[in-house]
Amino acid sequence: MSMFCYQCQETAGCKGCTSRGVCGKTSDVANLQDLLIYVVKGISIYDLKAEEAGIKNNEVNKFIMDALFSTITNANFSREDFIARIKDAIGLRDSIKDELVKNNVQIDDIKDDCALWKGISVEEFEAKAATVGILATENEDVRSLRELLTYGIKGMAAYAHHAYNLGYENEEIYTFMKKALVSTRNALSVDEMIGIVLECGKFGVDVMALLDKANTETYGNPEITKVNIGVRNNPAILISGHDLKDMEELLKQTEGTGVDVYTHSEMLAANYYPEFKKYDHFVGNYGNAWWKQNEEFKSFNGPILMTTNCLVPPKESYKDRVYTTGAVAFEGLKHIEDRKDGKAKDFSEIIEHAKRCASPMEIEKGEIVGGFAHNAVLSLADKIVDAVKTGAIRRFFVMAGCDGRAKSRNYYSDFAKALPKDTVILTAGCAKYKYNKLDLGDIGGIPRVLDAGQCNDSYSLAVIALKLKEVFELQDINELPISFNISWYEQKAVIVLLALLHLGVKNIHLGPTLPAFLSPNVAKVLVENFGIAGIGTVEDDIKLFLGEA
């Protein structure tokens, strides 16, 4: 076994990748990611001490966010990048340690190897990385809870990173991330670990609320919008991922250049924000969910900007047109450097590249509708409440989450098609691509698929549910006519799940498979306490959700 990773839904055999990631990452990159997380735990140990002593270093929180974000699925495949990050991590960790010593803060009690180990050469990194991975925790249940928490924190870091880019921060979130990381190094009881995992859900709600505030105060509340999925005849740039700050700067820099901009996958949600609608060269959305990019990036013809995950190892036919930025990296791809001294990123190279390219090849035409975030949906609250009271809407189905390659995910398309006509789907994330182009009709003018936006906009779905609970004067969110049938893929879906559990949501169905990182005993706890379940057949599940089983 040259690596071990089981953080995503597509992990080999639903057990773990041991020689190469299904995602495409090599074993050495997987191991270096483990080592980076290990050293970041050491940083966290010292920085919590520094916080207690009133010593503040603003660089630390950003570094931890970046490091965690770089290790999520389909973000960073670069060996060289992780080697550089590990060197920086050791340097930062030791600088915090030195500052503590200088300020006469007692650190003799710190004995953890992750706070003390020093490596200089790549060979030392690789040797150490082989010893600090997931399987270094021998007890299966302890390992399961530690990894569940770690993946939740990774998702949290991604959302905090986007908010940070827009100038929004919450120190309590940063402190929790560090405390949670340190907790994975301590010999805690199972009950204590479960408590921290559930606390992670609380901060998951907080970080999604922070990002929602950042996005809406910066770009306006998402509006119900018809989005063009066809093409024009101009050269263009395709922007993928989730980072709206990158979107803003790209639109500003392409204005007046003759280069159009299209969104891809979860960046579709940018079409819903009022601030972006003023750009005439912002055409619409091209393609589908992330996993189809091998074909769609080729047919797009122009350059592609990957702002965050999900990147698939690119094919030679279009590799020279893919640019990365932020936490994303892949050997051989051009990388656009981060902002410095308060200035915008420089997108001039990708813009000039676009001018030399043919216009996108049409792969579909027409429009799709989205923008049903909490502000837009709550403006329809009276209409929705009336529809529920009259029986026009029998039930809502939250089908947020991720899409992926597995054929078993066709379940979600089939499920959407088979739902009775008096039901409405609430969605967010790229899971929507399984049904957002189906003609499922409407109920009294309310579309039967209400897309709130990106995966973090699952927060909107929670806000909507809580508002409906208030309107209907219910004591418990689970009394609402809402069922949760969520598809997951990576670590941002984990923090969304933990956030829902914190809000008291029960009987969530999770698929297409339950996470490999849930040991039988941990899965049993989630089933018994929260009613977590997997998926069955479409017919059986619909009967179960509608109380007809």
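Even glycines carry a Cβ here, placed using N, Cα and C.
Binding site for [4Fe-4S] cluster per Swiss-Prot: C5, C8, C17, plus C23 from the candidate set C23, C114.
The annotation in Swiss-Prot ties E266, C310, C402, C430, C455, E490, K492 to hybrid [4Fe-2O-2S] cluster, and of the candidates under consideration, H242, H335, H509, the one tied to the same site is H242. Cβ neighbour count for K492 (hybrid [4Fe-2O-2S] cluster binding site): 32 (other Cβ atoms within 10 Å of its Cβ, all protein chains included). Nearest Cα neighbour of C8 ([4Fe-4S] cluster binding site) among the listed binding-site residues (H242, C310, C430, E490): E490. Sequence-distant contacts (6 or more apart, same chain, Cβ under 8 Å) of H242 (hybrid [4Fe-2O-2S] cluster binding site) comprise A158, H162, E266, M267, T307, T308, Q454, C455, N456. Taking Cα separation as the measure, C17 ([4Fe-4S] cluster binding site) is nearest to E490 of the binding-site residues C310, C402, C430, E490, K492. All protein chains shown were included, and the count of other CB atoms within 10 Å of the CB of C8 ([4Fe-4S] cluster binding site) stands at 25. With a cut-off of 8 Å between CB atoms and residues at least 6 apart in sequence, the same chain places S265, E266, A289, W290, C310, C402, D403, C455 near C430 (hybrid [4Fe-2O-2S] cluster binding site), listed in sequence order.
Annotated hybrid [4Fe-2O-2S] cluster site H242, E266, C310, C402, C430, C455, E490, K492; additional same-chain residues within 8 Å of its Cβ mean position, judged by their own Cβ, are S265, W290, N309, G429, Q454, Y489, A493.
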